[in-house]
């Protein structure tokens, strides 16, 4: 996405960058389609991004010099010209449908054409380790708020407000749920399995986490122990702290899994403990790339390394600031 993309669009697409929560061995495909009106600046901008698991594999941007569906993963370059032409035409058709929907929603909400408005559509499917359908999902948002969603039964709709009820009634009369269910349970699964085969060297790999525990003295006689997991794939991982074998779920700080920028992920969990009691606490790491769960403790450095340890402590605030960017 270019640096000049509307802030609203950036916020709505940020969800796509968050790792999906999946069952071990399961895989998902998701598309995010977004249209943003910009009065006085021409037609609405329309963007599609497609993800297999946590990997972006296709993208369309109506603001591109030559708007086309394009590969965003090396393994997608195996698809031929017919595929890209078909997907480009589908994207352009959806773009026009979104333009109509933006005008329709202005009427539903009694809004003027002078303001900028946004529609986002997310849909996709998930399969288990055996390649069989697990679930499908499809939902719309308008101006950053839920609008209408297909329920998990893929037969009924949840409308978020009075305007969305109008849409729900129209779609119930048209049998839209049946149409979408047929796609999600069959065609979506077929394409997901195809993409998993094309990208199997990347998508089906398992990179075990590199782990360690760091030690950060506090100002009140306590210590923060932070358990790090770095460089792992896929994104699904569990970190827990235990005190003498009992989990400390309530007392633990746990950050969301973050992309590392190289196709792997990072995560940490921390707990505040009394000074001198560090050895009573253990970090436990669960990931499908590990032959068995890991158990870690903080290992105090030898006394001869105390100076280097102090220098390392001084450097941690820079790393912490980087992590929260």
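Just so it is clear, glycine is given a Cβ too, placed from its N, Cα and C backbone atoms.
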Review point. If you check Swiss-Prot, which stretch out of 11-22, 299-310 is marked region 'Connecting peptide'?
Key: 299-310
Point to revise | Shortest C-alpha distance to residue 280 (N-linked glycosylation site) - which of the recorded positions 110, 125, 188, 227 | key: 227
Practice item. Using all protein chains shown, find which of the glycosylation sites 110, 280 scores highest when you count other CB atoms within 10 A of its CB. Key: 280
Study note, to complete from the structure: DSSP tally for the region 'Alpha-3' (207-298), helix/strand/coil in that order, comes to 3 helix, 53 strand, 36 coil
Check your understanding: Per DSSP, what is the residue count of the region 'Alpha-2' (115-206) in each of helix, strand and coil?
Key -> 40 helix, 29 strand, 23 coil
**Study point:** Integer Å distance between the CA atoms belonging to residue 227 (disulfide bond) and residue 125 (disulfide bond)
**Key:** 33
